[in-house]
Each structure stands twice: as C-alpha cells, then as structure tokens.
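Now, the feature entries from Swiss-Prot:
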type	residues	note
BINDING	G147, A148, S149, R150, S151, S152, K153, T154	ADP binding site
Amino acid sequence: MKRIYVISDATGETAERVIRAALSQFYYDEVRVVRLCQIHNENDVQQAMSVAIAEPGMIAYTLVDPSLSQKVAQLAEDHGMYAVDLLGGLIYSLSCFLGATSQAKPGLLHRIDTDYFKRMEAVNFTVTHDDGQDTQYLHKADLVLVGASRSSKTPLSMYLAHKGYKVANVPLIIGIDPPVELFQIEQEKVVGLVIDPKRLVEIRTSRLINMRQSPRGNYADYQRVEDEITSCRRLYRQHPQWMVIDMTNKSVEEAASEILRKMAVREKRITEARVKGDIS
C-alpha cells in the first residue's frame, strides 16, 4: 500500500480532492491518502514529516508560508521522498501575472472550496423547491418568495441561490389557499412580490405568444391580473412581518440587492434588541 501525505496549513480537504482527481487517471487502487493538517510553524512541519518518514511515501503540500514549504521540500529530499508543492507554483505565477503580492493567509483555499459547495447546495435546494414544490420543507429555506405567476419568483430565487441562499418560492393563486406551512415557518423569511398589473399583463402576453398560445384568456386579462395583485397585497397586509418587494421595472439583480439590504438591516435591529435585552 503506497501512501500520499497531504501536508496543509488548513484542513487539507481541497488538496486531497486534487490528489484523488489525479489518481483517478491511474488503474492503481492501493494508495492511501493521509492528511496532516493545521501546519503553522516549523515544529508542526517537523512532527508531520516525522509521520511521513516513519512510513515513506509521496508528499503533496499546500502551505502559503514559503519558509514552511521550503522546510517540507528539504526534509523530503533528505529522506529520498517525492514532494510536490500544489500551491506555491500557482501563487508565484499569479503574483508575476497580476503584479501583486499574495495574502499568504492559510485556509483561503478551503474557504473558497467551502463557499462553492454551499452555493451548489443552495442551488439544488432552490431547484427542488421551485413553484410550490415540497412545501413541507419550507422551514429549511433561508427565504421564501411568494407572488403571482410571472412576478419573477423563479429567476430571483435562482439569483439568490447562486449567492448561497436556500430559497423556496410559492405561487399565490386566487381561489387556492397558500400551503399551511407558509404560515408555520419564521415569518421574517417570507418575501412578497408585487408588480404593476399593466406590466404583468405585458409579461404574460409575451410569454403566451412565445409559447404560440393565444393571449386572449384569463391569464393575461387585465381585470383578472389586477384582481390577483390586489389579492396578493391584501395577504401581505395581513402579515406585516413579510418583506414586500415591488418588481415593476426592477431587474432581478436590483430586487436581490434590495432584499439582502433589508435583511441586513433587520438582522442588525434584532441583534441590537438582543443586546439591550428587549428580546430573548
């Protein structure tokens, strides 16, 4: 059984993924990847290398401190072990290309990796909770968007998901009660979308034409659309804790920015109230 030692100043998870991706190119199963992590000084390097030297193998390291990288390389050479710097060459090349000095902060690679997987998890959640699907899991959402059909619920949900927020959206339809779960979750999570009826008629008409369907019917009828928006506004007034966003002539990016800004203000207010002891 051959061993590959991953020496990292963070968790080593990203480096291990790189190693395993490279290993997948070989028909060789008898390899064990051993992580030696949180290496922050020469004493840590010495201890990690002692483990590797006891059962020699290949060294793969990601250390942003050049002196520690050099120490690992020297010890590996002294004991006849292969060693590869997974990060140093790239950082040096980027430094030359950008004309800038690296931050040399341990763990940034892992943080970026973690952020990526958080976004992917949010996107997956949002896709599976689009248009009123699986409402029994609304409590797991960071935000729940509600509104009439074609009020930008889905594109806004996906935009926020790519920023790492788990978003569900629920359509509001005249004559059909919203799912009971909507009123059982934390109400500050709910965002009600409104839009000018004339603008919504234009959007729905365009949608029908693109689908080669007749725009004549209730879906794009002005009175019907106006009734839908009136019904939405009535529901929002009954739930003052809900945030309300007007989507009329507003881009998805602008709406998302407004939501996140209001969320930040709300969180700050709640935090200040807790500090003062006004709420538990």
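Glycine is no exception: its Cβ is also placed from the backbone N, Cα and C atoms.
For S151 (ADP binding site), the same-chain residues lying six or more positions away in sequence with a CB closer than 8 A to its CB are L193, V194, I195, L200, M247. What surrounds the ADP site, by Cβ distance within 8 Å of the Cβ centroid and not counting G147, A148, S149, R150, S151, S152, K153, T154, is the set N169, P171, L193, I195, M247 from the same chain.
A simple way to gauge crowding: the CB of T154 (ADP binding site) has 18 other CB atoms within 10 angstroms, across all the protein chains here. For the binding-site residues S149, S152, the largest tally of other C-beta atoms within 10 A is found at S152. Set side by side, the binding-site residues R150, K153 differ in how many other CB atoms lie within 10 angstroms of their CB, and the most is found at K153.
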